[in-house]
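Feature annotations, courtesy of TrEMBL:
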- B:42-64: transmembrane segment (TRANSMEM)
- B:70-90: transmembrane segment (TRANSMEM)
- B:127-146: transmembrane segment (TRANSMEM)
- B:153-174: transmembrane segment (TRANSMEM)
- B:194-214: transmembrane segment (TRANSMEM)
- B:243-266: transmembrane segment (TRANSMEM)
- B:272-290: transmembrane segment (TRANSMEM)
- B:297-318: transmembrane segment (TRANSMEM)
- B:324-344: transmembrane segment (TRANSMEM)
Amino acid sequence: MAESGEAIIRLENIVKRFGGAQALSGASLAVARGSIHGLVGQNGAGKSTLIKLIAGLHRADGGAVEIDGKSYDRLTPHLAEELGIHFIHQDRLLVPTFTVGEALFLGREPRIPGTPFLDRAAMRRRSAEILERYFGVSLPHSALIAELSAAEKQIVQITRALIADPKVLVFDEPTAALVRREADLLFQLIRRLSAEGVTILYISHYLGEIVDLCDTVTVLRNGRDVATLPVAETSAAKIGALMVNRDIGELYPKSDVTPGEVILQVDDLVLAGRYEAVSFSLRRGEVLGLTGLVGSGAKEVVRTLFGLDRPTGGTVSVKGETVFSADPAAATERRLALVPEDRRSDGVALDLSVTENTTLASLGRFSHGLINRGAERRQTEDLVQRLQIKTDGVDALVKTLSGGNQQKVAIAKWLSRQSEIYLLDEPTVGVDIAAKVEIYRLIGELAERGAGVLVLSSDIEELLGVTDRLLVLFRGRVTRQFISSETSPDQVLADVTGAYETLLHAG
Amino acid sequence: MLVDVPYIPATALEVEAQRAFEPARTSPAFARRLAALALRGGALAVFLGVLIVFSVTAPFFLTVGNIGNVLGQSAISGVLAIGLTIVIIAGGSNVVTGGIDLSLAANMGLSAAVYASLAQAGHGDGVAVLGALVTGLAIGAVNAAAITLAGIVPLLATLAVMNVVAGLELVLTQNTVVPASSEFLSALSAGGPLGIPVLAYILLGFTLVVAAIVQYTPLGLRLYAVGAFPDAARAAGLPVRSFVAGSFLASGLCGGLAGILSVSYLSGSTTGAGDMLLPVVVTALLGTVFSRRLVPTITGTLLSALFVGFLVNGFQLLNISSTLVSGVQGLLILLVVSATTLLGRKENA
């Protein structure tokens, strides 16, 4: 923490919880006046939460906030603005039915002198001037925000902050919607603003940008800051290493299971326009990982296996029997289980009890015309204990459970169905770290009991920790297969992003 | 992005960044503009078409007297629709979760009853006017509290308040007509310059004042921001809940004013104010199609009040059963809401 004496923004030991999940657990950040300060971390590390806290959109559950040497109990958007802190949020907060001028001046509208009326002509003129000065662009003055491109909206958003003559400008993933040329313009602008004395807090996934642009960088991991370094003394690779949790061993309890017979065999599976020639096999006791960018086809492969999409070619066989149907009911019949990504809308029924959710897919076993409540309860109590689901009882509504425990209920549903092939789609998104470990342990147990488990995840570290093998999809094809225990995250990442392939294609 | 990227070599990033962004100019925006244009043009064409058909078939339709008549007859529903428009602007035009005030017609009924009762009890016009306006404002305050403090969706909150208010009116008037007459009331219901009723001038004047505030002041601009994108308004430092509460107070006040107008128009307070609800909702929703951005505007609401007024008037002149009018109004709501909703969906897609 260098230059802490002249920190313009200082956060100490900030704690923030959302329901059961802890987004920040003791994060600190000190931004020196006049510097360009980078903030990096993986998805879910707490970057956006920290920013929204400074913006006054969230309130911290614990810790101290100090701006310009004065401490504040509670920041509001208005107060933050008064203190000269302005934000370029990731999601563009512009009213879609406004013109560019209206959007730029909302909240500090120019008036026709001596009247209470808006000076629309001045708004038009000044917005055109400012856009021209900072970005060298002109937007049609009658255009509505809804009609602008993503980059143009971003420009309007940044210009909005500049009009206010800010002391601190916070950029939250500003280049995510910009093309190269626009991003370069933005970097020039940021350097110019910094030279004029504006303090910049810059949040990005892109370490290349951080290294190019920033003076100092703070790395967040799992809701706390793990390091604050001068950029001159570090490198993108070092920052990357800090972002990744290295003590993988404790996090991923992995049991040794010798894979048995092939339980799921996929040959040359094709879904036109989505993926092609996907082949792999899954054995009993094996955990197979699947990963890829959005649009790589990984998600669609899982959907197809569960019968949600009808493949246009290829075969899927379960326990040696070829399956053709595109029908989830038939899939469950064949002991396939899907734990979907969006568990709150697809995975569990929030307003039903733990018991009802657990037996939902296997009611046939518990009913002969009428549901046998006793048997249903016994089964649920057994599963609640086995999976260590934390609940007030089997009659508690699922919506009262934490994210991780909801996920366990979603898995319990399929255990009750006596499924043998588990397709888990992003099983740990939005659950806290303790529940994550339990879910990993559960995956291991499923494998131990002779099930085949397919895990689709975008968290590569997690995949390498829990799986035996890992398939990477890129643009609809399986481009690489890794043995998880012999692979590092960087290697997988190169394939996921198609670092080499795209260069060839893009030429 | 699906993959949570700890570190990507800079070269891969640049390729990623460039690949992710297709040419900026999107055709959906253009298509939406076209559709919006068609909707607006269509609405104006229908408006003109209705005027032409009626003026050809009904002999007195396009005389100054009749137009003034329509304006005067539309005054009460027009004032109410302007109040509703303010609520829709501040609450957003989502039909289910957005701004709506169903208690407006009942509000007008109770305010009129309060006015007439006070007048009958021997109080002067000043007291009665104040009584009606305070009644309207109080109803607005109840709505505002239920919505911004208790967090009930406007549709349900104002539905409940509507029933309470209608009940209070019954208690106050014992479900009878309360006659009221005074010089002030007769002056309001009299004919003005050019043989046009005073009520017509009041509607035009009221529209002018509210339109000036809503369309041409920073306050109005912020009102639109609060309704269209509360998050953006909040990020711009606007007190969103105060704006929403204020919009219900304003619409309550409109209800009180409409109550006074209705006492003068009907020479007293009568039962059945609730029948006014449908035309008011039609008017406010229909007003959207008369604006360039397809948002509710005060001037658009005036135009649509006239449209609905001409429709009713034309039906009367042609001796078409007035029972058909409700059906036509219901159809208009369906058409307008589905057209604007479909457009909105395209925008979000």
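The backbone N, Cα and C atoms fix where each Cβ goes, glycine too.
By number of Cβ pairs under 8 Å, the transmembrane segment (B:194-214) is matched best by B:70-90 from the list B:42-64, B:70-90, B:127-146, B:272-290. The list of residues near the transmembrane segment (B:243-266) in space but at least 6 beyond its ends in sequence, with Cβ under 8 angstroms from a Cβ of it, reads 75-77, 79-80, 82-84, 86-87, 89-91, 99, 101, 103-104, 107-116, 119, 128-129, 132-141, 143-145, 147-148, 180, 184-186, 188-189, 199, 202, 206, 222-223, 226, 233, 273.
Sequence-distant contacts of the transmembrane segment (B:70-90) (same chain, six or more residues past either end, CB-CB distance under 8 Å): 98-101, 104-105, 108, 154, 196-200, 202-204, 206-207, 210, 214, 223-224, 226-227, 243-244, 246-248, 250-255, 257-258, 261-262, 265, 276, 279-281, 283-285, 287, 295-298, 300-302, 304-306, 308-310, 312-313. Taking Cβ pairs closer than 8 Å, the transmembrane segment (B:127-146) reaches residues 101, 103, 107-108, 110-112, 114-116, 118-119, 152, 154, 157-158, 160-161, 165, 180, 244-246, 248-257, 259-260, 263 in its own chain, all 6 or more past its ends.
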